[in-house]
Amino acid sequence: MGPSRWLAVALAAARSGAMVHDLKIHGDERSLYRIESFCFLEGGVLDLRVTNFKIDAKGPFRAGFVMRRASSESAAQQELEESLEANACLLDWGTGNEGDLAGGDTVFELDMSDPTQWRGELVRQHRIEKAEEGLYSLIFVRCEPSEGRASTSFDLEAKFYNKGPSYLSACEAPLPMLFAVFFGLFLATSVLWGAVLCSGAKQGEAGTRVHGIHKLMGALLVLKSLTMMSQAMRYHFINVTGSGEGWEVVYYVFASAKGVMLFVVILLIGTGWSLVKPYLNDREKKIVLVVLVLQVVDNVALVIFEETAPGSQRWLTWRDVLHLVDIICCCAILFPIVWSIRHLREAAAADGKTRNNIAKLTLFRQFYIMVVTYIYFTRIVVFLLAATLPFQWLWLRYVFSEGATLLFYVVTGYKFRPAEDNPYLPLKKGDDDLEEFGIDDDEDNDPELQKAKEFELAQLDDA
């Protein structure tokens, strides 16, 4: 399975909590695409209403909608790609026929090929039986004319819901409670961090040192807590009414602010701002500016992506923008950490203050590994899990993602906490000798340290 397929699968999994759906397609030349995914239990209902259906082509056509069941998101995506490659028509399989494509089966079919049967509007309802429970995809199919030889237009209104009615997909039914639990955990972490900062501020010069970056880390925790709270409320109302009841706006505001703050905090820790030096150099300022601009684009893409119907071409465009910008931001935040590691190594090799430099160098390398691991796990591993998990366990992707985020925040806070024994030392702006990394001139220039310097650096490289 190629990278583009995994991306489509991952983002479809993220959207599988759909509800009340309204899609308008105009002049679309695609012949096969997934409109929406939803996990149904026994008694679940699909209400479908199609109006203004039109295919701009000469002669007869063969087109319609099917509901296909698959074992996982990856299997559903594989079926679509195999159908396109084999030039197979999903309308030919009929209901209850598994066919040969990735083990899926059709439980609902709406054939629009004969306009005399629907005359401008077609309304259908399908109720899920006990043996039909699973992960479903609503798919548009145009068998004739083939892709690129005609365009399709239609308005689609669809309601997906389980017993209750519960408009939240069965794949994501635990999410309101799950996000509420994580809200409590992040809020408790925020309170604990606030206590640490207050304790450090009281001790002042005589004890621990609270720097600007520590306050930004506290702001990040608060924003993350509010994001979890708004997510919990959003999914609660989706479950009850089919829409977020205004909580989408609250969520987008907090999620956008949190996203910007997260990248800024990682960037500033990577540069050593306020911990190692009181200001940023020109190169670091440019990186921060670029990431801020990209985060604005990323947040715009997030809002449009979340509010646009997955079956539309616009959704595909913004999906790609969101993915590309996120990758660029993740790569950009690594550069300052690499630069800091290089400069600390040069400083350690240039003077005799090896112990302090080795401690800083070790901490930066650990932070680099933490950031890379966090990005890899939340951007790749979690999505792969979502693509392969059975439909009953798709909600676990949020457990893994938010759990990894909480762990990353806690470990980062512990390593860079305002502590007396923190390897970073306070600096005064304008000291030429301390301009880049602020190595303390009062540290003993012990000849024994000079002799041990290369030995310690070699040990560090081996580690």
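Every residue, even glycine, has its Cβ placed from backbone N, Cα and C.
The feature domain 'GOST seven transmembrane' is assigned by TrEMBL to 178-423.
A Cβ distance under 8 Å defines the sequence-distant neighbours of the transmembrane segment (175-196), meaning residues of its chain 6+ beyond its ends; these are 17, 168, 217-218, 221-222, 224-225, 228-229, 231-232, 235-236, 239, 395, 398-399, 402, 406, 409-410, 413, 417-418. The transmembrane segment annotation in TrEMBL covers 175-196 (among others).
Only residues 6 or more beyond the boundaries of the transmembrane segment (216-237), in the same chain, are considered here, and those with a CB under 8 A from a CB of the stretch are 17, 168, 172, 175-177, 179-180, 182-183, 186-187, 189-190, 193-194, 197, 243-245, 247-248, 250-251, 254-255, 257-258, 261-262, 264-265, 268, 402, 405, 409, 412-413, 416. Annotation source TrEMBL lists transmembrane segment at 216-237 (among others).
Annotation comment: TrEMBL describes 249-275 (among others) as transmembrane segment. Listed as Cβ neighbours of the transmembrane segment (249-275) (distance under 8 Å, sequence separation of 6 or more from its ends, same chain) are residues 211-213, 216-217, 219-220, 223-224, 226-227, 230-231, 233-234, 284, 287-288, 291-292, 295-296, 298-299, 302-303, 306, 329, 332-337, 339-340, 364, 367, 371, 412, 416, 422, 424, 437.
What TrEMBL lists as transmembrane segment is 287-305 (among others).
Here TrEMBL flags 321-339 (among others) as transmembrane segment. Using a Cβ-Cβ cut-off under 8 Å and counting only residues 6 or more beyond its ends in the same chain, the transmembrane segment (321-339) has close neighbours at 7, 11, 263, 266-267, 270-271, 283-284, 287, 290-291, 294-295, 297-298, 301-302, 305, 364, 367-368, 371-372, 375, 379.
What TrEMBL lists as transmembrane segment is 367-389 (among others). Tertiary proximity for the transmembrane segment (367-389) is limited to same-chain residues at least six positions away from its ends with a CB under 8 Å from its CB atoms, namely 6-7, 9-10, 13-14, 72-74, 77, 266, 269-270, 326-327, 330, 333-334, 337-338, 341, 396-397, 400-401, 404-405, 408, 411-412, 415-416.
Marked as transmembrane segment by TrEMBL: 395-414 (among others). With a threshold of 8 Å between CB atoms, the same-chain residues lying at least 6 positions outside the transmembrane segment (395-414) that come near it are 13-14, 171-175, 178-179, 182, 185-186, 189, 193, 196, 217, 220-221, 224, 228, 269, 367, 370, 374, 377-378, 381-383, 385-386, 389.
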